[in-house]
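Below is one structure, written out as structure tokens; comments come after it.
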Amino acid sequence: MTVNAETQAGGNTWQNLPAAQQPEYPDQEALRSVIEELASYPPLVFAGECDLLRSRLGAVAKGEAFLLQGGDCAEAFDAVSADHIRNKLKTLLQMGAVLTYAASVPVVKVGRIAGQYSKPRSKPTETRGGVTLPSYRGDSVNGFDFTAEARIPDPERLKRMYHASASTLNLVRAFTTGGYADLRQVHAWNQDFVKSSPSGQRYEQLAREIDNALHFMHACGADPEEFKTVEFYASHEALLLDYESALTRTDSRTGRLYDTSGHFVWVGERTRQLDGAHIEFASQIRNPLGVKLGPSTTAAEALEYVERLDPDQEPGRLTFIVRMGADKVRDKLPELVEKVTASGATVGWITDPMHGNTFEAASGHKTRRFDDVLDEVKGFFEVHKELGTHPGGIHVELTGDDVTECVGGGDEIFVDDLHQRYETACDPRLNRSQSLDLAFLVAEMYRDQ
Ligand code: PEP
Ligand code: CO
């Protein structure tokens with residue numbers, strides 16, 4: 001049982017340090033009362049689940065498993081619906097099946113889901129048609145609408161984030177353990193998709209092979225429990241420290257602190273300052289952690305993250321999520337991997353091929369080219385091959401819906417198509433077809449490494 005801690009000794013040490021990217025709430029009293037209420041709510045995840053994920057990520061760090069982490073850039077309150085959640089989950093399950101089967105590697109599945117409501121921004125304000133307003137910082141902070149009223153940070157939104165995360169997680173748990181994720185459904189996940197898309201057809205072929213293997217095993221008398229449910233975890237960026245801290249509780253089994261807002265949390269590229277509040281907060285919790293590493297990361301910084309966040313050098317505790325950009329990963333990554341490996345730490349290395357490859361199309365849409373995404377993944381694999389280290393996984397922004405936000409892919413989306421279904425509240429996501437394309441290509445790279 002994880003219980004509410006009255007005060008989290010050690011859990012609030014971040015409060016004296018500079019915290020980047022926090023909202024400026026006009027009403028501090030209202031904020032305090034929301035935090036108090038959040039602290040009384042039940043945890044969203046159980047500490048034991050976080051421990052299990054840490055051991056799974058230990059296998060990733062040791063080269064025995066592959067991490068698939070994906071979901072929206074920003075979840076939105078009005079997208080907490082059965083259809084959206086199911087479509088996202090289905091896409092991740094299909095990608096997981098492709099990677100497991102085609103790359104013959106155990107796949108650890110983690111959603112950017114049930115808590116990914118807060119966004120760091122490069123600019124504090126946004127200007128449209130001569131009007132300047134505070135930037136949208138995610139549904140947990142303010143509204144997406146471009147009006148002065150919507151953009152005021154409202155602490156009540158933190159409670160909505162909690163409830164939205166709870167209902168999402170509830171449905172995800174129901175789907176993943178209640179039969180929907182049973183491997184024998186491998187065809188069913190594809191039903192609404194197969195005819196219309198080349199990647200759907202390619203998937204159908206793979207699903208047939210999996211089906212044959214399952215029938216063969218069944219005929220031999222094997223019906224393993226592992227095929228009936230899927231281990232699936234929730235993750236998000238630990239950005240809003242008031243929220244994360246209110247959900248941080250002492251685990252009564254171990255007396256250690258866990259951030260019970262999700263299984264895995266990461267510190268983003270804009271908040272990874274070594275003397276800042278986010279790294280301090282992360283150092284106090286037992287959850288498995290991620291740190292995003294952008295192109296300016298030095299080897300000394302990477303070593304310091306290990307020192308601060310993984311002092312016991314425990315495989316699975318720390319995963320570096322590398323987001324250099326396709327044009328930089330081959331130059332910048334080798335030194336980081338070399339020095340961290342030489343330090344004796346066994347961290348996970350995964351590639352986020354999205355955030356270093358964003359550009360603005362002439363139409364004004366923020367987009368990414370599928371080929372750049374693929375090229376960054378290729379570069380990431382090349383670096384690890386050269387160094388004899390393990391390319392541990394991918395971290396992608398995707399949706400299960402047929403949106404038109406990234407260009408390229410087998411079922412090609414052109415710049416002129418972007419306006420058709422551009423629905424993201426923040427960064428452009430791969431649609432289902434592009435996600436499956438990526439899974440097949442990554443499986444090939446993994447097999448060939
Ligand atoms: C994100 O993951 O949506 C994000 C903002 O990433 P980064 O911190 O790498 O820029
Ligand atoms: Co993003």
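Backbone N, Cα and C define each Cβ position, glycine as well.
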Of the candidates Asp312, Asp327, Asp427, Asp437, the one that TrEMBL places in the Mn(2+) site of Cys73, His355, Glu397: Asp427
Binding-site annotation, TrEMBL, phosphoenolpyruvate: partner of Arg112, Glu269, Arg270, Lys292 in Arg151, Arg157, Arg323, Arg330: Arg323
Three-state secondary structure, His355 (Mn(2+) binding site) (per DSSP): coil
Among Glu269, Glu397, Asp427, the most crowded of the binding-site residues [Cβ within 10 Å]: Glu397
Least Cβ-crowded entry, counting other Cβ within 10 Å, from the binding-site residues listed as Arg112, Arg270, Lys292, Arg323, His355: Arg270
Those binding-site residues of Arg112, Glu269, Arg270, Lys292 having Cα within 10 angstroms of Cys73 (Mn(2+) binding site): Arg112
Within 10 angstroms of Arg323 (phosphoenolpyruvate binding site), Cα basis - binding-site residues out of His355, Glu397, Asp427: His355
